[in-house]
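Below: the structure, in C-alpha cells.
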Amino acid sequence: MQLYTPNWTHVTEFVMVGFAGVHETRLLFFTLFLTMYLFTLLENLAIIMVVILDHRLRRPMYFFLTHLSCLEIGYTSVTVPKMLTGFIGGEGGKNISYAGCLSQLFIFTFLGATECFLLAAMAYDRYVAICMPLRYGALVSWGTCIRLAGACWLVGFLTPMLPIYLMSQLTFCGSNVIDHFFCDASPLLALSCSDVTLKETTDFLVSLAVLLASSVVIAVSYSNIVWTLLHIRSAAERRKAFSTCTAHLTVVSLFYGTLFFMYVRTKVASSINFNKVVSVFYSIVTPMLNPLIYSLRNKEVKGALRRAISLKSWKGQ
C-alpha cells in the first residue's frame, strides 16, 4: 500500500474506505448487502430462465428484458463482492490495484451506459406496439431486436473509452484512500495531483450525451404513446395498453433519477456520504427492485413464473 510521502511516490494501489463509520455494525451491513446481492442474482436469473423456457414470452419485449437482467447481474457483481470483502476481509480486503480500479470503473460505466440505451430501445418497442400495432411485426422483427440490442451493448462499450483513457493519464501521487465503496470517477478525481479540468469536462459531456440521447428517445416514445391513448375511446383499452408500460416507466424513473443526480454535474464532489447513499440506491437497490417491478406488474411474467414453479413441483413429486 502506497501512502503519502514528501517525495510524492506514485500510487499503485488504492484503499477503498467504503462505509467506515459502521465499524461496530459491519457484520449487520455485510449480511444486509449480501442478502440483497443474492436476491438480485436469484431474481434476475429467474427472469432470464423463465423467458428462455416459456414459449409464450418469446417476444421482443421479453427479449429486451433478458438483456436488462443480464446487465443488472453484471452491474451489481462488479461492485458488491469487492464491497463485501471490505466488511470482513480486514485492511487487505479494502485494497485494489490501480489497474483493477480502472477496470472496475470501465466495466461499471460500460454496463450503466448500455442500460440507458437498452431502456430507450424498450421504450421504442412499447411505442411501436401501442401506436403502430399493425406494423409491429415489420418494425420490430427479431432481426431488428438483435441489431438494437447489439447496438446498445456496442455503444455502451465505447462510452467509457475516452474517459478511462484520460483517467489513465492522470497522476496519483498523494493519498491513495478512496472515500467510496467502489472506484467511481468523482472520488478518484479528488485524489489526483494532476489538472483534472479536461477529465472532469469530458466526464460531464459524455454522461450528458448518454443520458440525453437515451432519455429523449424515451420521452418522445412515451409522448406518442400518451397521445395515442388519449384518442382511444374505451377506458378499459386505455388501461390495458398503458399497463404494458407502467413497469418500464417505473424502472426508468428510478434509474434515470439517480443517474442525473450523480453524473450530470461539473464539480468533483459535494456531500460524499450522501453520494454513497445514492450510489447504493442505483447500484444495489434498483437492480434488486427491477425484476420485482416487472414480475409484479406483468401478468404474463407472473403466469410464466407460476407455470415454472408448478412444473418443478410436479416433477419433484
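Just so you know, glycine gets a Cβ as well, placed from its N, Cα and C.
A Cβ distance under 8 Å defines the sequence-distant neighbours of the transmembrane segment (27-53), meaning residues of its chain 6+ beyond its ends; these are 19, 62-63, 65-66, 69-70, 72-73, 76-77, 80-81, 83-84, 87-88, 284-285, 287-288, 290-292, 294-295, 301, 304-305, 308. What TrEMBL records for 27-53 (among others) is transmembrane segment.
Residues annotated as domain 'G-protein coupled receptors family 1 profile' in TrEMBL: 43-294.
According to TrEMBL, the transmembrane segment annotation covers 62-84 (among others). For the transmembrane segment (62-84), the residues of the chain that approach it from at least six positions outside its boundaries are 16, 18, 30, 33-34, 36-37, 40-41, 44-45, 47-48, 51-52, 96, 104, 107-108, 111-112, 114-115, 118-119, 121-122, 125, 142, 145, 148-149, 152-153, 181-182, 251, 283-284, 287-288, 290-291, 294, 300-301, judged by C-beta separation under 8 angstroms.
With a threshold of 8 Å between CB atoms, the same-chain residues lying at least 6 positions outside the transmembrane segment (96-124) that come near it are 11-16, 61, 64-65, 67-68, 71-72, 74-75, 78-79, 82, 140, 148-149, 151-153, 155-157, 159-160, 163-164, 167-168, 172, 178, 182-185, 188, 210-211, 213-215, 217-218, 221-222, 248, 251-252, 255-256, 259, 283. What TrEMBL records for 96-124 (among others) is transmembrane segment.
Annotation comment: TrEMBL describes 136-158 (among others) as transmembrane segment.
Beyond the transmembrane segment (204-230), the same-chain residues lying 6 or more positions past its ends with a Cβ under 8 Å from any Cβ of the stretch are 113, 116-117, 119-120, 123-124, 126-127, 130-131, 159-160, 162-163, 238, 241-242, 245, 249, 252, 256, 259-260, 263-266. Look at TrEMBL and you will find 204-230 (among others) tagged as transmembrane segment.
According to TrEMBL, the feature transmembrane segment maps to 242-264 (among others).
For 276-296 (among others), the entry in TrEMBL reads transmembrane segment.
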